[in-house]
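Working notes, beginning with the structure itself.
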Amino acid sequence: MRVAFFIPVIAAALFSASPMLAQTRPDHDHAAPQHWSFEGALGNFDLAAVQRGYLVYEQVCSSCHGMKHVQFRDLEGMGLDAEAVKSIASGYQIQEGRDLSGALKYRHGLPDDAFPTPVKPAGVPEGVVPPDQSRLTVVYPGGPDRIYALLTGYGPAPAGVTLPSGQLYNRFASGRVIAMKPPLRGGEVHYPDGTSATVEQEARDVTTFLAWVAQPHLVDRHRTGVRVLVYLLCLAILLFILKRRIWSNVE
């Protein structure tokens, strides 16, 4: 009798909860886990990949995306010398107030300047603001795996799917639609080390660069953590030996 009473109650509860369960389903495909050299407690950055990723950012991404929390001088951390950094900085125009007529004034960049944000990137739809990439890998849901998947996830929309005007299909984007055109086509970046510049390689390299930009001191923190663990282990062994010696004659 009691079982017969609860069956319709449970069915009604499941029926009422089904819309909420449907709403909680992800609105994009899950990015497959990738192997990154900087992951894990002993992870470190492949500086060759970081430098290649910078070339992708400079030649492809910087036309729309800035890095306001990164100074040109920070590039020395990926193996560039001061003269190379100075040359890179001077290639950027930095806004510096207005002149007497009210027009914007610009000057060549200096090593202490931050990467500027493009005022109005060409080809970007009205009302769309390209995100700053300074901390993208640590604030973007899914992190490096999803960024890599997003860069390589463009494709034709499935049958029956109508895309909004100005939107493209990308199964890893929120809602599976995105306003950004495919930034990587393969071959548009020349790698001095001879690495083949496929779409997948460029996506992996620029993701590695953005991860380094977001956490430039990651390797130092890992090293400090290892030293602390070794210190604590030695301290624990020493305390154990002292305890055995001090209490060995106590009955």
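Cβ coordinates are placed from backbone N, Cα and C, and glycine is handled just like the others.
Automatic, uncurated: that is what TrEMBL annotation is.
What you are looking at is a predicted structure, and each value in this text was computed from that prediction instead of being measured.
Annotated in TrEMBL:
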BINDING   CYS61, CYS64, HIS65, MET180  heme c binding site
DOMAIN    48-214  domain 'Cytochrome c'
SIGNAL    1-22  signal peptide
TRANSMEM  224-242  transmembrane segment
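Distribution of TrEMBL features across the structure.
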residue : record              : Cβ neighbours (10 Å)
CYS61   : heme c binding site : 21
CYS64   : heme c binding site : 21
HIS65   : heme c binding site : 21
MET180  : heme c binding site : 20
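Largest Cα-Cα distance over the residues recorded as binding heme c, namely CYS61, CYS64, HIS65, MET180, equals 11 Å. Secondary structure from DSSP puts CYS61 (heme c binding site) in a helix.
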